[in-house]
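Report on the structure given below.
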């Protein structure tokens, strides 16, 4: 179970303590549990939504979004901000794009992108809450983190050394394929027909984002992987909100 605790510590702000420094093999296996962490987030959001029944829909949605950000420690939002700055500031140049991603400061483009993504998530949550489909909240965190597993499974990691390189190098790919299949089937069971359409939409967004990464960088980084999580969660929420 150590790989699960590694995944939970890395992807969440929950107080998880590991018994020692994980080995590279344990780090790679932790990727297999990313969809499980997404499922945990989704269940916590669903429980919170159930407890907030009766609250005004805008406040209900805002509190869910705040909990969502707190659970992840804004980890993927940080990656989205860095990627937005780098993508527009890099002017198509690979090395310049990678250099800007290392800058901890956020420019106006990053701020605008974050505001837009959070605003769209809030509006989508509002619709889902108002129409009594809060149970579908489980789907978005699962899809986002399963996509990260899929990205590391089939995309080169462009930075040598560090956490991301260890994850990509030591990921057991056959097991990862089974985990992805289980995640897809689970989303279909939970979401029914809308869940299936949502998966097709997510696949399209995933392939498009991966193509952009490979064209610009020749692969992925931790920041672009985080950006993918946020954008896929957004696609799922908006897609479901439009279907209900």
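Cβ coordinates are placed from backbone N, Cα and C, and glycine is handled just like the others.
According to Swiss-Prot, the transmembrane segment annotation covers 31-51 (among others), on the basis of sequence analysis.
The annotation transmembrane segment is assigned in Swiss-Prot to 55-75 (among others).
Per Swiss-Prot, the feature transmembrane segment maps to 109-129 (among others); the stated evidence is sequence analysis.
According to Swiss-Prot, the feature transmembrane segment maps to 134-154 (among others), an assignment based on sequence analysis.
Swiss-Prot lists 188-208 (among others) with the feature transmembrane segment.
Annotation: stretch 134-154 has the most Cβ pairs under 8 Å to the transmembrane segment (188-208), among 31-51, 55-75, 134-154. Distant neighbours of the transmembrane segment (134-154): 11, 31-32, 34-35, 37-39, 41-43, 45-46, 49-50, 64, 68, 76, 125, 128, 164, 167-168, 171, 173, 176-177, 179-180, 183-184, 186-187, 190-191, 194-195, 198-199, 202, 206, 210, 220, 225, 228-230, 232-233, 236-237, 240; these residues of the same chain sit at least 6 beyond its ends, with a Cβ under 8 Å from one of its Cβ atoms.
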